[in-house]
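Participant: Below is the structure I would like to discuss, written out as structure tokens.
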Protein chains: 2
Amino acid sequence: MQQFEITSEFIANVKNFVDEGDNASISKLLGELHHADIAEILDELNFEQSIYIIRLLDSDITSEIIAELDEDVREKVLRSLSSKEIAEEIDELETDDAADIIAELPEAQKEEVIAQLEDVEKAKDIVDLLRYNEDTAGGLMRKELIAVRDSWTVLHCVKEMRKQAEAFEKVHTIYVVNDDGILKGRLSLKSLLTTSTKTPISEIFNPKITSVKVEEDDEEVAKIMQKYDLIVVPVIDEMGRLMGQITIDDVVDVIREEADKDYQLAAGITQDVEASDSIFELTKARLPWLFLGLIGGVGAFLIMEGFKDFFKNYAVLFFFTPLIAAMAGNVGVQSSAIIVQGLANNDVKGSINNRLIKEMLLATLNGIILALFLFAFVWGYEGDPSKAFAISVSLVAVIIVAGLVGTFIPLFLNKRGIDPAIATGPFITTSNDIFGILIYFWIAKMILGI
Amino acid sequence: MQQFEITSEFIANVKNFVDEGDNASISKLLGELHHADIAEILDELNFEQSIYIIRLLDSDITSEIIAELDEDVREKVLRSLSSKEIAEEIDELETDDAADIIAELPEAQKEEVIAQLEDVEKAKDIVDLLRYNEDTAGGLMRKELIAVRDSWTVLHCVKEMRKQAEAFEKVHTIYVVNDDGILKGRLSLKSLLTTSTKTPISEIFNPKITSVKVEEDDEEVAKIMQKYDLIVVPVIDEMGRLMGQITIDDVVDVIREEADKDYQLAAGITQDVEASDSIFELTKARLPWLFLGLIGGVGAFLIMEGFKDFFKNYAVLFFFTPLIAAMAGNVGVQSSAIIVQGLANNDVKGSINNRLIKEMLLATLNGIILALFLFAFVWGYEGDPSKAFAISVSLVAVIIVAGLVGTFIPLFLNKRGIDPAIATGPFITTSNDIFGILIYFWIAKMILGI
């Protein structure tokens, strides 16, 4: 099977069949598709059409579809299903997806749904999982895994594994625990297939295994899995007991969300919003940063007001304030972004001082190159080398200060345990606008001897 | 084993032992560590110390360490090793890492190293892999995989798999091919363990398998693996023959690099640079965008020059140009970032027109809220409601235009097949600065009837 391309023609067909109630054709069209594809198709339909299809298809596939839907669509879908129907869907899911969905339900309904789950063992696991904060290893893990005891023989082990054959298609690691459930290591398929059946597991298992604690932060789990190239990692509790496992596909979502969040912060968007969110939600995410920009602009106004006596003879100075502000902002964003990204990727080494010295050299180099062009332009346009000199020298100073501020603030926030990503974007451009314009007028004043 | 924490004390110990030539202590310290940890330690040492350790440790571990090093450190390390030594390291690596490293060598050395590889089969595979562009599925895949023929029986299959037992620790999927090597499906461990040994594979394999073409773009591979939650995906050629497989850990790097690139573009940094790169490289990545900002600033200057007659009576208008420029820039970056991210996550649906209407409503709402505050401030400070009104109305207009430009440009670039990420950051702030200031003066002029 190649991946499937959803065309608008295909969507139109599905819609038609739903409107006509042609169940046979719907089943034929969707029957062979991957649940991720069906979820994408449902995102394109209206709500009644989606519900119609969910009620029509088997719960082994609809459960996967529901787990895959956008959170806001899922909320609506779940609201239109009874607790019994939801429990049937959840019975088909793995524990991590099941717990995520139950966590989204209203408090009152949670208990109702859990009470109606058929598989009592799974219900216990789900209730366990609900205890963990969603941003921790416990919140990411699922309970399904294959564990064998170090006291067993290979033969016993294979028999146990055959019993649990249902779970097999997704086995990535066979964990070895002792009789108290404490994680001891892992068993490779190789040893299992190539050792005599009487060998005790304790003699052939591999004790080298990287695990994470159940309370570990999800971003830390992501870093560990990336660093050690792990497909799956076991989760243990404070006693070292094996509690569950996390597979890399769940961590990929964490990595993407983290990158998305940093990107949004850099663009001046707080809160996790998407292009499809409501205008009200988007305003809530965007307005605070714009307000910050407004305050910065008022600050710039007050500074320029303070220098208004220059106006008569040096109006040209005022015409360059947007340029100064833009350069201060751009340099600040560049230097802070490099630091923020370096911190995220563990790539920022050495002392803050070294980093600041490097940024100063860099800003000086860039500033002088840019100032030469500006000098030539102003001299040529205004015919006044002293004004051109004052403006250009100020530009270099502004760029250096902007670079230092952009480097220092994220490093400082990081030392203080604050997410440095908030320091990129509007925060840095606004403060650099004000600093930049102030420095610009001071230096120009000194040079021109006003 | 819990993950290992690299302390500065530990690094100091390693350095001491290297300087003293105390090989026994080095081996003891590093012997039990994961190669990813050793690679991190080497990044902290100087070059001679790193080479000393690489020469000291076994090539089965040093090969993994070399594959893990930062590209610039690896380049230096490889330059100090002979072709024979490099070949020994490469003999220990999987084909994808091996091909990546060989691709980095100077042309002349490539052939030398390949000629000295002991494993001729692997050498062939590596030469094959070198043909593919590194940004495609072929460039990501490795040749190591387990494939069985649909004409075999279960017994034959298990025997073949035992033979290849070496590769077992990393088996994720058992692929089924026909006698021409064409991918037919996959075999679950479950069917292998629970079916009679005489059953032909053709009766028990699962024909549902998602594959990618060898020429597929790496970012597309990442999207497919994320969408279908795949741990591993087979790669096929134009005839459908199984060529290799890609595991998710390689794709995680693609996802991270892609997110990093978008983030850097939004911050005005072209080219992939890191905080630790040289000042010259950083200048190359940053200066072009600053130059764009300079040109934008000169544009703003020319516009203000054109309105300089207002100076005498309306100086206050000029004092607000940094505010106007900042707001235009911030709104532009916010709206473009949401679109860029939405496009990356396949979350932007519906027509461009709908999107523009939504952004216009959003910008109008935000603009009016901000303008009310500005109006109150200017009126209170300047005591002139007509100026306050002119400035505030202009602000609303500027914000609306900035939002529309920020929404339209990335959508337009995307339609044209250009990466929309270049439209965030300096590109949008610069054009919005100019547009914003122009609109601001026009509207103020109209309202004040100058």
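Glycine residues also receive a Cβ, built from the backbone N, Cα and C atoms like all the rest.
As listed in TrEMBL for this protein:
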DOMAIN    A:141-203  domain 'CBS'
DOMAIN    A:205-261  domain 'CBS'
TRANSMEM  A:287-304  transmembrane segment
TRANSMEM  A:316-340  transmembrane segment
TRANSMEM  A:360-381  transmembrane segment
TRANSMEM  A:388-409  transmembrane segment
TRANSMEM  A:421-443  transmembrane segment
Participant: Between the transmembrane segment (A:388-409) and the transmembrane segment (A:316-340), are there three or more C-beta pairs closer than 8 Å, counting only pairs 6 or more apart along the chain?
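Facilitator: Contact confirmed: at least 3 Cβ pairs fall under 8 Å.
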Participant: Going through A:316-340, A:360-381, A:421-443 one by one, which has the most CB pairs that fall under 8 Å from the transmembrane segment (A:287-304)?
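Facilitator: Most contacts with the transmembrane segment (A:287-304): A:421-443.
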Participant: Would you kindly list the residues that approach the transmembrane segment (A:421-443) from elsewhere in its chain, counting only those six or more residues past its ends and only Cβ-Cβ distances under 8 Å?
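Facilitator: Counting only partners 6 or more residues beyond its ends, the transmembrane segment (A:421-443) has Cβ contacts under 8 Å with 261-262, 265-268, 289-290, 292-293, 295-297, 299-300, 303-304, 307, 310, 317, 320-321, 324-325, 327-329, 331-333, 336-337, 340, 344, 390, 393-395, 397-398, 401-402, 405-406, 409-410, 413.
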Participant: Helix, strand, coil residue numbers for the domain 'CBS' (A:141-203) per DSSP?
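Facilitator: Residue counts for the domain 'CBS' (A:141-203) by secondary structure: 25 helix, 17 strand, 21 coil.
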Participant: Which numbers of helix, strand and coil residues does DSSP report for the domain 'CBS' (A:205-261)?
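Facilitator: Split by secondary structure, the domain 'CBS' (A:205-261) comes out as 24 helix, 17 strand, 16 coil.
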Participant: Along the domain 'CBS' (A:141-203), what average pLDDT does this model show?
Facilitator: 84
